[in-house]
Amino acid sequence: EKALENSLSDLPTTTVSLSAETLPDVQAGSVVLYRKFEVGEVITVRPRANAFDIDLHIKPEYRNLLTSNSVFWAEGGAKVQLNGSGLTVQASPLSRALKGAISFDNLSGASASQRKGDKRILYASETAARAVGGQITLHAFDAGKLAVGMPIRYLGIDIGQIQTLDLITARNEVQAKAVLYPEYVQTFARGGTRFSVVTPQISAAGVEHLDTILQPYINVEPGRGNPRRDFELQEATITDSRYLDGLSIIVEAPEAGSLGIGTPVLFRGLEVGTVTGMTLGTLSDRVM
């Protein structure tokens, strides 16, 4: 017993305690990282009836990094990213892969009240951690082009991703539960925001969105309305920000021909606009 007391007294002091619903892939001695930099270690992992408690020690010189917006998550063994450049696998150092690691960061707009009693929540992944307070629902009538993990992008920057896909038989639709990262919620979770799936388009004019062959994504056009969390998922949209606030003109043609959403409008050979939408006339005798 005396030896046990001595061994316990040698443990570093607890700086912060976490709570996880499932057993994280960490153990005593696992490192604690702040933006991939080691700042502490895991002291103990203790099971409870419905959760696990994890005590962390943060080195004194790095405790100023802990704020009310600090969010913690368990690190996986490797990160896999699929994009137009191919498949990228970022493996963790061997020591982290064997013993696990916990990361934290200060996320602007994250909910600081996400606690269980006096403990902070340990999320299962970085995506789950960044999803705090940023959940939205996208309604679609076909999930053929959707997938869990599909990124949500604005001007080429990932601002969120799809978490789950659910079939709602009563409404004959698919609901995609998605998350927006905290720093983007106020800008994009608003009325008037348009979400649309971007996939390769093959036509007589050529192939558009070739970069999406490996990984389609959801494009966003920000709105300016009141805060909102439910949106209809559109089929096509304009991804070029040059035209979002331009002059809207309606022209008529006897038939669509090779025209489509995204077809450029040229003036003396220079692109000055684009086709943003197409519909039949009232009498179905023309295309507008």
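First residue shown is number 1, and so on along the chain.
Each Cβ is built from the backbone N, Cα and C atoms, and glycine gets one as well.
Here is what TrEMBL says about this protein:
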DOMAIN    135-223  domain 'Mce/MlaD'
DOMAIN    246-282  domain 'Mce/MlaD'
Handout entry: For the domain 'Mce/MlaD' (246-282), the number of residues DSSP places in helix, strand and coil
Key = 0 helix, 11 strand, 26 coil
Practice task
Could you tell me how many residues in the domain 'Mce/MlaD' (135-223) are helical, how many are strand and how many are coil under DSSP?
Solution key: 10 helix, 47 strand, 32 coil
